[in-house]
Amino acid sequence: MIGTILGLLVGVLPGLGPLMGMILLLPFAYQLPPVAGIGLLVAIFIGGSCGGAISAILLRIPGTPLAAATLLDGYPMAKKGRSADAIGIAISASALGGVIGGIMLIFFTPMLAAIAMNFGPPEYFALSITGLLSITIVSSESTVRGLMSGCLGLLLATIGTDQLSMAERFTLGSSDLLSGLNIGSVVVGLFAISEVMVQVQSDDLNFKPQIEKVKVSLHSLMLVFKHKVNLIRSSLIGTFFGAIPGASGIISSFASYAVTRSLAKNRHEYGQGAEGGVVATESSNNACCGGAMIPTLALAVPGDASCAVLMSALMLLGLQPGPQLFALSGDVVGGVFLSYLLSNVFLLFLGLLMTPFFVSVLKLKKSILLPIVLILSILGTFALQSSIFDLWIMLTLGIVGYLLRQAEFPLAPIVIGFILGPIAEGNLRRSLLISQNGFGIFLDRPIGTTILAVNLILVIAAVLYYLLNLHKKRKVNYESH
């Protein structure tokens with residue numbers, strides 16, 4: 001319940017969102033029992049994915065990128081005096097879409113994990129490469145910069161003691177680096193600290209928007225049920241896109257909106273305040289969360305950046321995502337499933353009940369919010385291991401993250417590389433030990449060969465996409481001259 005409220009809160013405030021909320025609470029989740037800690041982060045994930053719709057509808061400013069598609073009909077509804085209906089529909093559709101995504105999560109994840117139980121080091125190596133290749137998807141604006149960020153993550157992951165030879169790597173003689181960099185310090189520094197530094201430079205630190213009072217009711221739920229076919233279809237689309245590593249809720253929400261609009265009898269009303277448009281985008285958004293958790297839990301391949309943080313939490317708590325999680329920690333998996341479903345139930349009722357509070361939070365100035373974020377980051381990181389050294393790592397990577405953002409380098413690939421790098425390296429070296437340094441082991445096993453073939457297709461697709469974009473840019477430049 002608390003996680004859902006916090007998720008809605010960070011989702012409502014532009015510039016935060018579920019990813020930032022999970023990062024800020026990651027150190028505190030570490031202090032809780034595994035099920036409670038992961039449940040807290042899952043609830044923030046769910047609530048934050050929905051909360052961005054409130055500011056999108058009222059201010060035409062998406063609280064999160066996920067809510068960008070909700071602008072298309074949510075804001076026009078508000079302009080027509082139906083802001084309460086628009087917010088109520090968004091929250092209700094998000095909750096119901098999340099439940100549908102949760103059902104898919106519960107049904108498909110154990111099946112996928114059972115198949116993965118037959119995997120050996122070659123298959124795990126191939127899967128980790130699949131996860132690393134998802135960097136090309138989450139870095140769609142600049143594939144080259146994304147790959148460079150991913151390489152930085154891989155480099156950071158090598159710091160510490162080697163897994164097999166026990167040799168020291170890049171420790172610079174410091175005993176604090178023997179165990180490597182703490183994942184919590186890395187994530188909080190890269191995202192939270194760099195975000196504070198970026199926001200401090202903005203011109204709207206003391207801006208206070210004027211917003212009308214809004215009160216929603218369960219009547220909004222009835223409005224959603226009028227679009228039940230749209231709800232189910234969009235939720236399934238969201239789950240499908242979520243299950244593809246690297247594909248985001250932004251893609252799924254726009255895809256759901258496009259499909260719904262093309263099939264609607266009143267398609268001319270879409271973009272002018274159609275209820276069906278809000279239902280499509282918001283149900284798809286939260287269903288995407290359930291889809292993204294399927295490869296995260298079953299295969300240890302993060303579905304998106306938020307799921308990478310979820311993987312970080314599992315690893316901090318001494319749990320390894322993937323088939324072994326189901327085999328050795330079934331209670332944790334069950335707790336994650338239950339937390340996911342309950343979070344969506346809480347989202348429905350708490351979201352509708354507390355909308356006036358979240359609307360008032362939108363009036364909070366950044367000059368008040370940013371110091372709170374900074375204090376939470378420092379306290380949370382120190383609480384992980386009571387280490388001052390971790391704070392220095394956090395601040396250093398905060399500066400690095402800020403500089404990378406100024407140069408328009410994406411940060412999510414760094415986390416993906418940092419998490420999957422050791423998995424890829426360890427399983428590659430184990431495979432070569434088994435085969436006595438023969439690379440044929442990766443082609444002798446059908447599953448591993450299939451995964452590597454998929455990886456090859458992804459590489460070819462990424463190269464073609466890059467070349468196509470390069471050709472378009474050159475054509476535009478040529479025509480402009």
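Residue numbering: from 1, along the chain as shown.
Note: Cβ is positioned from N, Cα and C throughout, glycine not excepted.
Per TrEMBL, the feature domain 'DUF112' maps to 1-416.
The transmembrane segment annotation in TrEMBL covers 6-26 (among others).
Look at TrEMBL and you will find 38-61 (among others) tagged as transmembrane segment.
For 86-112 (among others), the entry in TrEMBL reads transmembrane segment.
Positions annotated as transmembrane segment by TrEMBL: 124-140 (among others).
Look at TrEMBL and you will find 177-198 (among others) tagged as transmembrane segment.
Annotated transmembrane segment per TrEMBL: 236-259 (among others), in sequence order.
Listed as Cβ neighbours of the transmembrane segment (297-317) (distance under 8 Å, sequence separation of 6 or more from its ends, same chain) are residues 18-19, 22-23, 26, 29-30, 34, 37-38, 41-42, 45, 108-110, 112-113, 116, 124, 127-128, 130-131, 134, 138, 183-184, 187, 242-249, 289, 291, 323, 325-326, 333, 336, 384, 412, 415-416, 419-420, 423. Annotation source TrEMBL lists transmembrane segment at 297-317 (among others).
According to TrEMBL, the feature transmembrane segment maps to 337-361 (among others).
As annotated by TrEMBL, transmembrane segment applies to 368-389 (among others).
Away from its own ends, the transmembrane segment (449-468) comes close to residues 123, 126-127, 129-130, 133, 136, 143-144, 442-443 of its chain (Cβ-Cβ under 8 Å, at least six residues beyond either end). Sequence annotations record features per position, and here TrEMBL assigns transmembrane segment to 449-468 (among others).
Across 6-26, 86-112, 177-198, 337-361, 368-389, the stretch most heavily in contact with the transmembrane segment (38-61), judged by Cβ pairs under 8 Å, is 6-26. The stretches the transmembrane segment (368-389) and the transmembrane segment (6-26) are in mutual contact, each linked to the other by at least three Cβ pairs under 8 Å (pairs 6 or more apart in sequence). This prediction places the mean pLDDT of the domain 'DUF112' (1-416) at 81. Non-local neighbours of the transmembrane segment (177-198) in the same chain are 15-16, 19-20, 23-24, 26-27, 30, 156-157, 159-161, 168, 170-171, 309, 312, 315-316, 370, 373-374, 376-377, 380-381, 384-385, 387, 390-391, 393-402, 404-405, 411, 414-415, 418-419; each lies 6+ residues outside the stretch with a CB under 8 Å from one of its CB atoms. For the transmembrane segment (86-112), the list of distant contacts is 46, 49-50, 53-54, 57-58, 70, 73-74, 77-78, 214, 216-217, 219-221, 223-224, 231-232, 234-236, 238-239, 242-243, 275, 278-279, 282-291, 293-295, 297-299, 326, 333, 337, 340-341, 343-345, 347-348, 351-352, 355: same-chain residues at least six beyond its ends, Cβ to Cβ under 8 Å.
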